[in-house]
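Undergrad: The structure follows.
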């Protein structure tokens with residue numbers, strides 16, 4: 001245990017293996033896949049499949065690096081614990097708070113999406129009203145106990161998975177039975193101007209948006225402290241990520257782009273709506289809206305869980321106020337859930353004041369925070385592995401391609417930042433990174449000063 005972990009109580013280990021597996025899976029199927037893929041298809045054409053394969057490989061390397069650390073030391077606060085222990089107290093402080101802010105931003109974005117999806121049925125309801133209602137409901141559920149969160153996420157994820165699998169099967173049937181019409185042919189993947197119609201540039205420029213789709217995979221690391229059997233469930237969930245990326249992202253996009261020429265995809269429609277259009281309008285439109293609504297709620301649900309656990313871990317390390325390191329008699333960190341909720345509620349206000357511009361900026365900020373997050377996992381892992389080697393410890397679940405894999409990941413992160421600088425509307429979030437790091441530095445110095453003052457008394 002780290003120093004500063006004596007106070008506060010323990011989180012309950014209430015998550016079963018099936019919960020962990022589906023939390024990992026659900027984290028990867030969100031708004032990014034359902035809606036974000038349209039603009040990528042317009043720019044990269046069928047090359048989007050290659051883009052998801054590359055980003056998926058990087059995500060898998062990062063997951064394995066996190067997995068190796070978590071199996072050795074399953075604690076609350078996930079990788080901020082490793083950054084803190086193996087890299088230094090500022091790294092722990094910065095990575096923990098960055099992760100917390102990342103998921104507050106994702107929570108804001110998903111709540112905004114929920115408001116938009118509800119308007120599909122009830123256009124007269126303003127987005128902030130639906131956002132506020134679901135905000136209250138999901139926070140209330142998370143305040144009960146971790147088993148309820150696990151169950152809810154389990155069923156949310158099942159709905160999303162069934163929808164994607166049904167789409168792949170139905171699309172495959174249309175393709176191979178001839179019922180998809182004359183335009184449905186596998187040759188659509190290379191006939192319309194080639195596999196990479198706009199060359200590699202078209203694909204490379206979209207890597208930041210593709211990366212947004214993979215944010216959330218690292219949720220598995222956060223669940224470790226509440227998993228019944230982390231040394232079995234974490235490696236299993238981590239290794240299955242690769243099949244899931246292949247099936248859900250690459251499989252669904254390959255079917256989708258074979259069914260009709262990619263040139264017919266429009267940026268403002270979910271490509272998944274287009275494919276199911278064949279079934280008849282109203283049924284499909286409603287069914288799909290339920291699925292995308294579930295996807296957004298599921299990711300928001302995970303955000304509430306994640307934020308509260310990260311803040312709890314920070315408080316245990318002494319990097320957040322002590323009051324946040326307590327749990328109630330059911331093992332729920334009530335204070336951290338309420339603090340995270342309070343900050344997220346602020347974004348309901350932002351959406352109320354500036355509904356148009358808020359969403360795009362939130363997305364770009366999410367990718368920037370995600371880049372910092374993944375880079376820190378990779379760097380902390382290198383420090384962790386070095387420390388273990390010096391102690392002569394052989395880890396039970398070693399990461400792939402160490403240390404080359406870590407350098408590949410870091411190069412990829414740097415490339416994503418360069419791409420964002422060249423993308424209109426995204427550059428601002430890259431310029432905000434140094435500002436954010438300065439804010440973290442000031443926060444850290446304030447914390448150190450306060451700690452010294454307390455010790456002096």
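Glycine too: its Cβ is placed from the backbone N, Cα and C atoms.
Taken from Swiss-Prot, the feature site 'Key residue for tryptophan transport' applies to 103, supported by experimental evidence. Under the heading topological domain 'Cytoplasmic', Swiss-Prot lists 1-18, 64-98, 214-239, 301-330, 381-402, 448-457, citing experimental evidence as support. Look at Swiss-Prot and you will find 120-124, 169-192, 261-279, 352-359 tagged as topological domain 'Periplasmic'. Residues annotated as transmembrane segment in Swiss-Prot, with a curator's inference given as evidence: 19-39, 43-63, 99-119, 125-145, 148-168, 193-213, 240-260, 280-300, 331-351, 360-380, 403-423, 427-447.
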Undergrad: With every protein chain in view, how many other Cβ atoms are within 10 Å of the Cβ of residue 103 (site 'Key residue for tryptophan transport')?
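TA: The answer is 30.
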Undergrad: So are the transmembrane segment (331-351) and the transmembrane segment (99-119) touching or not, going by 3+ C-beta pairs under 8 A with a sequence gap of 6 or more?
TA: yes
Undergrad: Counting Cβ pairs under 8 Å to the transmembrane segment (360-380), which of 43-63, 240-260, 403-423, 427-447 comes out on top?
TA: 403-423
Undergrad: Taking a Cβ cut-off under 8 Å, which residues six or more beyond the ends of the transmembrane segment (427-447) line up next to it in the same chain?
TA: 89-90, 93-94, 97-98, 101, 318-319, 361, 364-365, 367-368, 372, 417, 420-421
Undergrad: Along the topological domain 'Cytoplasmic' (381-402), what average pLDDT does this model show?
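TA: Over the topological domain 'Cytoplasmic' (381-402), the predicted model scores a mean pLDDT of 95.
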Undergrad: If we call contact 3 or more Cβ pairs under 8 Å (sequence gap 6 or more), are the transmembrane segment (43-63) and the transmembrane segment (193-213) touching?
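TA: Counting Cβ pairs under 8 Å (6 or more apart in sequence), the transmembrane segment (43-63) reaches the transmembrane segment (193-213), since there are 3 or more.
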Undergrad: With DSSP as the reference, give the number of residues of the topological domain 'Cytoplasmic' (381-402) in helix, strand and coil.
TA: 11 helix, 0 strand, 11 coil
Undergrad: Per DSSP, to which secondary structure element type does residue 103 (site 'Key residue for tryptophan transport') belong, with helix, strand and coil as the options?
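TA: Reduced to three states, the DSSP call for residue 103 (site 'Key residue for tryptophan transport') is helix.
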